[in-house]
Every structure is written in structure tokens, then in C-alpha cells.
Amino acid sequence: MEKCSLLLTAPPLVVLLVTALNPGDADPQRLPSNLTASAALKTAEAAAGAHPTAGGRAEEKKEEHLDCPPLGLESLRVDDSQIRASSSQRSGLGPQRGRLNIQSGIQDGDLYDGAWCAQFKDRQQWLEVDAVHPTLFTGVILQGRNSIWSWDWVETYKVQLSNDSVGWQTCMNGTTETIFKGNRDPETPVLGLLPTPTVARFIRINPQSWFSNGSICLRAEVLGCGLQDPADRSEHDPLSKDDLDFRHHSYMEMRKLMKSVREECPNITRIYTIGRSYMGLKLYVMEFSDNPGKHELGEPEFRYVAGMHGNEALGRELLLNLMQFLCKEYLKGNQRVVRLVTETRIHLLPSMNPDGYEAAYEKGSELAGWADGRYNFEGIDLNHNFPDLNNILWDAQEKAADASKVPNHYIPIPEYYTREDATVAPETRAVISWMQDIPFVLGANLHGGELVVTYPFDCTRDWAPQENTPTADDTFFRWLASVYASTHLVLSNPDRRVCHYEDFQSHNNIINGGAWHTVPGSMNDFSYLHTNCLELTVELSCDKFPHASELPAEWENNKESLLVYLEQVHRGIKGVVRDKVSRQGIADAIIKVDGHAHDIRSAADGDFWRLLNPGEYKVVVWAKGYFPSMRRCRVGMEPRPTICDFTLTEIPAQRLKEIHAKGGRVPQDHQLRVRALRLRKLRASTKAINRRREKQQLQPRGGSMKN
Ligand SMILES: [Zn+2]
């Protein structure tokens, strides 16, 4: 039986804890003054005990090892100053880089490289973490070096523990020292459990063997429970005052939670699906509105989409939190929430890629690595899977005699994209269809793995790897991005550390997508060029899949940002385009703002929303068969839209005949026709694919949301 022969093992822990921690061992200020032996034991027992909340049996099994949360090397909860090493090859490979899932910069010799690497190749090397408080250590997670230039990982290692960083004890296996199994490749994280959970303040990872062609390099996470005084106020102060279900939800649990929100708030919610994943999981959307299920004249529609990359799990949980929050606060009469729900139709899609999420969830937040579950089941990256309309637009502008005459909005999807054999994921097809069914005005696409807000264009011109590629709405996009970034508690903290290798603080934590790295076929660009909806991307946290214990703090980090961003849908101008005689709304009228080379269209009832910064605008509205109309509309600083209605006069049939007779051309709305035709084709091919898949006995998983 393996055993750590240490200072403090689980049962005799109390005695040893009290005796071992003399004032020289730990910062006495950080030790709870009234820490009693029994209190310490209780805390340790509670920390090491079985998962208290009910879940599946399989989950309990999986969670057992991870009962103690990560100290936070990955989440940056552990500060650089808490990590030391025996030696380092250079500062870019220093101990502060020895964090699970840290990503390296591109250049060889980068200041921000992809691991801690020891200077020497011998068995005396170590990476040390100071937990600051006495901590019940339960395990270590090890990963190799992230690099495109070299392969380095540690194959076996020892673990040492200490209370003072002077005297060290090695984990023992009987009379010999325990040898932990490390990595076999650079990326897969491997969990090493201590034979016996042990209390100490410092922990060292001491490599014994490594990949023969490489150096001693590693990234790590440490699992441990802080032994805090239960009487300590911070222990009882929840990280969030909102009573929400803070944990990671599997597909079934997500459905259950959504159903419970709907039952709690039946008058303002509706659940609907927009399609299925490759494996047949339904893509559920939660709608919030005072009239769920209908578009209301003049009321703007908003969407949050999360989980397009299945392993970027925080966005999914934040949207599940947001659902619960909106429902509870509405019932309480929170005026801000009541106003939002009354004046906006809100759509929340928490999991665009549920197949990918399930793959990551299976491994868990610490062991999923950096890429497991990112792609859909077929291996498609959904954020490169939308039609590239940018190059269609740019090519047309280049070929045209007058580039300003080229339609700058509602660009149809290309013909090839509608074919049955086109590489278009079912999840992408579902979202494209959804984008056309609902006249969205504003949205955000929630990702993770960095801390920055990016805005279109994501795709650069002429295939440049990175280049600032602004849209015609660049200033408003920058406003939108700033709204989110400046209200996010971590993004807006000037003292925060960079996540991996890029410093976005010099850009105020916002960046044009193309200026970061080019992404052809992104959802943001497609949304902007194909629909009226302005959408940007939020990279929510350094850690793609934060441990459940981080979720309350992450909700607090993002709560205000999620709400204030949503409120931006009520900016700029809005109005209704009507027929002068019948007073009927005119659908698909083009709204042109002078000086903005991006038009938008009115929705089915003739209502439109044009998001704009404060200023004075000349607006021209045109619809097929009508004389155009012009108005000046002023947008103020206050956070509500200016009403700017239009009434159009039909061109009389007699007049049209005269124009034709003179050989004149009546403007045609070809664009709209082609756009609708291609969409019909895409829907038809999607249907055919679904039928074929059903025949192939690929049974859909997951039941229905009914009852
Ligand atoms: Zn992503």
C-alpha cells in the first residue's frame, strides 16, 4: 500500500497540524488565530468527503479524485510569486510558465513560452508551489510543453511536501519513494493522486525521467483543499450573493435546469429548439420576453450564443446563470430586469456544440486539455464554418466600376454552400436558419481561453495573417466591445496578468478580430454581412473550462457586463417603414445612413433598428416599388433609441410604364431574391441530409423537452 510518509497524513492530521505549524513555518498572520484541532479536522474531513450534491453515479466517481479543487495555477488564482523552481532555461521558460494549459507565443525564444523548463537535465530539478495556507494536498496534474518547435515532457516524477520550504519529505511507497507516472505526449494532462492526502503548505514536483530527446519541461496544476478556519467570515460569505446553480451541467442537467426556469417563470419564458447536433442532441434556446413566442412591433431582438467551441465551457454556465437570474429578479420586481424583459426579446443559446461539450465534460474541467471538445463531432471548427462573405463582397467591390454601388449588406450565401455534399456542420446550418427566422439586432458569441473582446471583421483582406480590418460600423463596434470589457471585473483590472502570451491591456482589452488573427468563415462576420445583427466575440477567461469552484466568482465577473451589453440593443435609431396609403409596414426596405457603407433592412412588419453612436444622421429609406424618402435623425447620449419612422409613397403603375417606355430601368431587388433562393436551397439540403442520417440508424440521443 502506497503512503506518503509525511508530516501530516489524514487521520493523525490534527495532532501534527498543531505541532508542525510553529510560528516559523507559516506566516502567522495568514493562519487563523483561533484554529482549533477539531475545527481543522472537520474542515479537512469536509474537504476530503464525498461530493455532497446529487449527480449521476458516474459523475460522483469521476469527481472523487478532484474533490479538492485546483489551487489555480491555470486560473491564475495562484500568483507568479507563489511559484519557484530549482533553475530555468531562460525567463520565458521560468516557473511562472509552469501552469496547466498555458499557451506559448509563436516565436522560438518567446518571452512567453509554453512551460517551465529546467536549465539542467538531472534529477535535482523541481517546481515549487506555495499554497500560502496549510492545505490538504490530494494530487498533481502534469502536462508537457506547448511548443511548435520542440517536444518536451516529464515521464516520471516524485512529489515532495514541506511546511517551511526548508525541510522536505518525499511521498513514500512503503520504504521506497513514490514514483508518479507523468506524460507520454506534450498535451494530454495526466492526474497523479497522492497515495494519502496530506497537509502541508509547500509542494514540489521533482522530475525523475523525461522524453529522451527533450529537456525537463512541464505545466502543472495542484489539487488541494485550503484548511481555513470555519469561523472565518470569508468561509461563510458566498462568492456570489445570487442563489444560482453554480456547477457544470451535462446536457441532461442543462435541459433540466432550463425546464425549471421555464416552470418558475412561465409568463416570460419559452424554450424552443433550432435543430440538432451531428449526434442528435437538440440545440435549445431559452427566450425571455413579456410576450414569449412573438415578435412585437418595434421591440428589438437580442441573442447570446455560447459553446460554439464545446470545451469553452464558461459561456454555457454563464448563460444558464443568466436565465436563472433574469427569472428570479423579474419575479422580485428588479426594475432593471423588468424593463429589459418588457422592452426586449432575448434569446439565449447556451450550447451551440453540445457534442463537443459532452466530450470535454466527460474528461472534466482539469483533464480535458486545451482542444478536446473544441470541434463538432465531425471535427469541424464551427467558427470557420460559416460562408466567407467577406471575400465575395471585396471581390465584387474590386471588379465594380463604382464600388459604392455594390450591395454592402444581406450578401447571399454562395451557391456551393447550399449543396448536400458541402462541408457544412448541422450546427452551423441550424444557426444560419435561426438567424434568418428572427430579426436579431445585436448579439454576442461567448468563447474562452483568453481575456479580450473582439469585433468584426475577423477575416482579413488578401489573406493577411493579421491586419486591422474594420467594418463600416467600426466606431460602434468599438463602443460595444468597450462596454463589455470595461465592466468585466477581471478585464477591467489594470493589474491583471496576461493569460498566455498576448497583452491586450494596451488595447483596452478590445481588438479587431483580423488584427488578432484572421478567421475566414466566422459567425461574427457572417452575421454582419448576411443579416442586420451586429455581433462580437467575448473571450471570457484564461481558463477555457474553469473548475466548478470558480463559477460563482466568474458569474460576478461577468454579471454586469452581460446585462449592460444587452442594454446596448436600445441605442441608435429605430422606427417603422410604412406605406403612405394603406399604413401597412413595408418589409425588406433598405435603410441607408449617410457616411456608413453598411445598410440594414426592415423586418417583416416594417420595423427596423439601426445601432449608431450619438450624432446627427441623414437617413434614406428605399423599398422596391416606392419613391425613396429621406430624414435627418439625431441620436443623443442617453441610453435609448431615437424614433425615426418613414412613410413611403408607391410609384404609380402608370409612371412605371412611362419609365419602361423611355427605356429607363426600374431598380430591382435582386439581392433579396438570390438571398432567399439560396436559403431555401440550404434548408432543402439540410432536410435531405437529416433524412439520410435517420435512415443510417444514427439514432438521436436525448429525449424531448415536452411535459
Ligand atoms: Zn473559442
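Cβ from N, Cα, C; glycine included.
Segment annotation: TrEMBL labels region 'Disordered' over residues 43-73 (candidates 43-73, 353-383, 570-600). Taking a C-beta cut-off of under 8 angstroms and a sequence separation of 6 or more, Glu539 (active site, proton donor/acceptor) has the following same-chain neighbours: His447, Gly448, Gly449, Glu450, Leu451, Val452, Val453, Thr454. DSSP classifies Glu539 (active site, proton donor/acceptor) as strand under the three-state reduction.
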